[in-house]
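Q: Structure in structure tokens, see below.
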2 protein chains.
Amino acid sequence: MKRTCYIGELNEADLGRSVTLQGWVNRRRDLGGLIFLELRDRSGVVQVEVEPDSPAFAAADPLRAEYVVEVEGRFQARPEGQRKGGLADYEVIASRVEVLNAAKTPPFELDKGDAVAEDIRLKYRYLDLRRGEMQRGLLLRSKAVAAVTAFLDAAGFVQVETPMLTKSTPEGARDFLVPSRLNPGEFYALPQSPQLFKQLLMIAGFDRYYQLARCFRDEDLRADRQPDFTQLDMEMSFVTQEDVLEVQEQLLAHVFREVLGVALPLPFPRLSYRDAMDRYGSDKPDLRFDSAFVDVTDLFRGGEFAAFAGAETVKVLAAPELTRKQIDELERVARQHGARGLAWLRRDGEGFTGGISKFVGAQTAALLERTGVEPGGTLLFAAGEWKKAVTALGAVRLALRDLFALAAAGPQFHVSWVLDFPQLEFDEDSGSWTYMHHPFTAPHPDDVGLFGTERQGEMRAQAYDLVLNGFEIGGGSIRIHDPAVQARMFQAIGFSEAEAQAKFGFFLDALAYGTPPHGGIAWGFDRLVMVMAGAASIREVIAFPKNNRGADLMAEAPSPVEPAQLAEAGVGVLPQD
Amino acid sequence: MKRTCYIGELNEADLGRSVTLQGWVNRRRDLGGLIFLELRDRSGVVQVEVEPDSPAFAAADPLRAEYVVEVEGRFQARPEGQRKGGLADYEVIASRVEVLNAAKTPPFELDKGDAVAEDIRLKYRYLDLRRGEMQRGLLLRSKAVAAVTAFLDAAGFVQVETPMLTKSTPEGARDFLVPSRLNPGEFYALPQSPQLFKQLLMIAGFDRYYQLARCFRDEDLRADRQPDFTQLDMEMSFVTQEDVLEVQEQLLAHVFREVLGVALPLPFPRLSYRDAMDRYGSDKPDLRFDSAFVDVTDLFRGGEFAAFAGAETVKVLAAPELTRKQIDELERVARQHGARGLAWLRRDGEGFTGGISKFVGAQTAALLERTGVEPGGTLLFAAGEWKKAVTALGAVRLALRDLFALAAAGPQFHVSWVLDFPQLEFDEDSGSWTYMHHPFTAPHPDDVGLFGTERQGEMRAQAYDLVLNGFEIGGGSIRIHDPAVQARMFQAIGFSEAEAQAKFGFFLDALAYGTPPHGGIAWGFDRLVMVMAGAASIREVIAFPKNNRGADLMAEAPSPVEPAQLAEAGVGVLPQD
């Protein structure tokens, strides 16, 4: 017997008809001799009523939560007084119930899944995934995959699978290793990203490439990381940065339209890295709300307030009225992010009280005017070395967002580009210059001349990040295709030719055989879907995630293996300290 | 400067227009003071003519093969006498040539790539992939991915990614192991297939699932295997075998139509496993041609020809006229596939000569009539135990196909289902019964009663293989969802409850919490694309394949790794014998 449709597809047109539905008993109640079932499939829940004289009654009687059933019956509207809108306005009067499978009592009530310890949810993931919230997240993810595929295919992108068993490289994060039985003593590495392979595909002439790529990094797992994750990886030949950004905007707009019915305004606003940091203290600013910093360095320079007088930067952020406790909490945030404290002022009429008010006299009028702080409102200051100061105040800005739901008043989704990242960073630890993203990122054409000069720290890269609601959901760059520029880049980061060859060997060889200008981007697909679904963690949009010890609690992986398996793989377990 | 279009998109409508093209110099010739370039991109090749007085001449002069260039010029028809059809009828008269990148001389001529040793092609894969044949194969593959995704998404299938780092199981092929740094002494396994996870997704209520899944098996690599390969993996709930077959037929027809413009005739013909073996000696018969076996067991039973008289099965295959050398070669094939020899007869008028003709007297008329062998044609015999006899003759049938291009006269693509595989196989080595596919395959409902009887070897499984041109491109089954049937299956293959729990633990737990009836299939995607592309090996439709030692000759993987990496991973290399 085939079902008429998914439960969620039932509608007015089905009223009075006999329907056949299949799914799980979400709940069973007995009332006045009748059995009421909530029948659930992936699309929705509908009430099924089994009357005592129904031929279905005998089959329905033993039903319990999570039994699998097929129900046939008349689809009808519920009595007027009981309507609440949606599927709850309808019910099915069962004429036939067939038990397709029984079920043990679940270890937790699915309806209360949110409140269940995550370890239990992960151990019984197949039950956790029955919850509507989890199903919606994964269905949304699937729709996003289909939308991405359709768009990129139509736009001439070629889907290519890159190797999963590849070479370990000393660069970047730690590799997961895979012993090779056929080549004893040798190891594959699982790919951290298809970066080199996608560039090789451009060298091979594929022109436009994409892949939903599984990537692996053996890092210590922070709260919201997974040892393996999914990247939407793309690369294009014969393009400028502008070409890449344009295609990306069309693609993301397509995905939001197809999956959520949301029209993203195009083009996305653009900020330079410098401006993003300077105004919001983040290279992935949440721009659903503004609350930009105001620069007041000049007001205090050389003045009597010693803490600000000599600071490279003094920034101020206008906040609503804050309690002393809230200010203390924000100060803790500032300290966690590198500030030595959090100076503050409360506006009182046309002046300020509290905090550093005794040091602020001459600056009062200018502070009022530049910040527009409201009466009773608070000004929060960060001062010191520019990057440290803005970073700390950026963290305070996000804490204020969470405290006052500042983002709620803005658009549901805000997408922007952050551009003009630095080409080079000075690494304090090693006392040398290094690349910010990877050593194949092309510098801005106007800045190439700065290589090797004292101003090479000012060089801008042709690199770009895609930012959604304060999350970096994509990052990429135009790559170097000119061997002369590549040589200057290696020089700038202190790689000799021999070192470069040792680290990037075959890839540098490939670059010499006719490399087109090219660039690309990769999206953090798990994170994008998380934000689109309004989920709190990427684990909510991954079917079978690992916990923060890298363990799959359901499948019980990792696990010890048979000595014979290890012997075949040619490895042994080292004794633990 | 943006290109007007890909080269392959140029057409009549562009005649007389100025076009901008980008690509690689395929070839350069100098003739009568002019420079002729073949310009190549992924879509095609066009001739570019650079006249000596052209402003483009100076830039064109240093060009060599594989330089990357941008060309602007007038698109025009070639002189009448030089037209051959297609792009060769046109040329571009260059007004501007810009060198975008130089290229070293490639280590082999791309045009002659076919003749180059595969190791060289694999080492310089980025050059090998520039060849039109390779590009077409991978573009076809990409189109197939998009077609599959669009179809399955529209049909309500949910794309779900299953874990790449999972649990090692002693069943099936050898696992690739991945040491877990966070859990010293423990290992992940790379997935051999998402089988259990896709069934868990059905238990979780996703109803319809698909994934292009990367799978891993650490097997000794035969000629056309890869350590990692791609499966199009699907599973459906609340379905019968008939439902699965129907969706699969629609899907495959969609893919062929979208990708190749080929209309596959629906429904696909169906053979039982028994018939496929009995008539063609293969459970994946190539049915582009018929050449079915004829059963002649009865003609020889108890007769004077001892080799046939007592045989369980005597099959005969009618072949064209064969030389003695060809017969010897076919006999070798038969022996390789388990036969003790290959008896034969040549038709001579209304009788037979050669081979076993002196033992064939009474049977002559019947043999002529049953086989319809042509005058001069050959009859080839296999006799003995049924499975051995038909298997050997099946190999001979395929050798005849290759010898006489028998498939060429048939349809380009022939798809069929092979159904009713045995539920259980008797394993001669262990002297016990075992499952044929996996222990969760559901038996045919009519045959469940045979579990535990003497006739359990006759039980049919609800299992099905999809066969294209003699390749198994898909296989699947309806799964057991009834715990009572599962228990009988485990009993039949001699698993105690404790053993079953030890081997399949968490999955058996999951089955008890409300499992819907379900079934699915997985396609060998690499092989499907290979056949669709007319390629000789799956390596031709994989961008960066491994060689038969499991090595990536370009990236030089696998490779030794730093001792510190091994120490972190908690493993050491065992000394080699």
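Including glycine, each Cβ sits where the backbone N, Cα and C put it.
What TrEMBL records for this protein is below:
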- A:GLY81: site 'Important for tRNA non-discrimination' (SITE)
- A:137-558: domain 'Aminoacyl-transfer RNA synthetases class-II family profile' (DOMAIN)
- A:GLU171, A:ARG217, A:HIS437, A:ARG479: L-aspartate binding site (BINDING)
- A:195-198: region 'Aspartate' (REGION)
- A:ARG217, A:ASP218, A:GLU219, A:GLN226, A:GLU472, A:GLY524, A:PHE525, A:ASP526, A:ARG527: ATP binding site (BINDING)
Q: Checking the spread of the ATP site as listed (A:ARG217, A:ASP218, A:GLU219, A:GLN226, A:GLU472, A:GLY524, A:PHE525, A:ASP526, A:ARG527): what is the longest Cα-Cα distance, in whole Å?
A: 21
Q: Could you put numbers on the helix, strand and coil content of the region 'Aspartate' (A:195-198), residue by residue per DSSP?
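A: Grouping H, G, I as helix and E, B as strand yields 4 helix, 0 strand, 0 coil.
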Q: Cα-Cα, whole number of Å: A:ARG217 (L-aspartate binding site) versus A:PHE525 (ATP binding site)?
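A: For A:ARG217 (L-aspartate binding site) versus A:PHE525 (ATP binding site), the Cα atoms are 15 Å apart.
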Q: For A:ARG527 (ATP binding site), what is the tally of other C-beta atoms lying within 10 angstroms of its C-beta?
A: 21
Q: Sequence gap of 6 or more, Cβ distance under 8 Å: name the residues on the same chain that satisfy this around A:GLU219 (ATP binding site), in order along the sequence.
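A: Sequence-distant Cβ neighbours: A:ALA173, A:ARG174, A:ARG225, A:PRO227.
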Q: Quick check: of the recorded positions listed here (A:GLY81, A:HIS437, A:ARG479), which one has the Cα closest to that of A:GLU472 (ATP binding site)?
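A: Of the recorded positions A:GLY81, A:HIS437, A:ARG479, A:HIS437 has its Cα closest to that of A:GLU472 (ATP binding site).
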Q: Cβ-Cβ under 8 Å from A:PHE525 (ATP binding site), same chain, 6 or more residues apart: which ones?
A: A:ALA144, A:LEU212, A:PHE229, A:THR230, A:GLN231, A:LEU232
Q: I need the nearest neighbour of A:ARG527 (ATP binding site) among the recorded positions A:GLY81, A:HIS437, A:ARG479, using C-alpha distances.
A: A:HIS437
Q: Please report the Cα separation of A:HIS437 (L-aspartate binding site) and A:GLY81 (site 'Important for tRNA non-discrimination') in Å, rounded to an integer.
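A: About 62 Å separates the two Cα atoms.
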Q: Does DSSP put A:GLY81 (site 'Important for tRNA non-discrimination') in a helix, in a strand, or in coil?
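A: Where A:GLY81 (site 'Important for tRNA non-discrimination') sits, the three-state DSSP reduction gives helix.
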Q: I'd like the Cβ neighbour count for A:GLY81 (site 'Important for tRNA non-discrimination'), meaning other Cβ atoms within 10 Å of its Cβ, all protein chains included.
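A: Excluding its own Cβ, A:GLY81 (site 'Important for tRNA non-discrimination') sees 5 Cβ atoms within 10 Å.
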Q: Going by DSSP, is A:GLU472 (ATP binding site) part of a helix, a strand, or coil?
A: strand
Q: Quick one: among the binding-site residues A:ARG217, A:HIS437, A:ARG479, which has the most Cβ atoms sitting within 10 Å of its own Cβ?
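A: Its Cβ has the most other Cβ atoms within 10 Å: A:ARG479.
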Q: I'm checking region-level scores; what's the whole-number mean pLDDT for the domain 'Aminoacyl-transfer RNA synthetases class-II family profile' (A:137-558)?
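A: Across the domain 'Aminoacyl-transfer RNA synthetases class-II family profile' (A:137-558), the average pLDDT comes out at 95.
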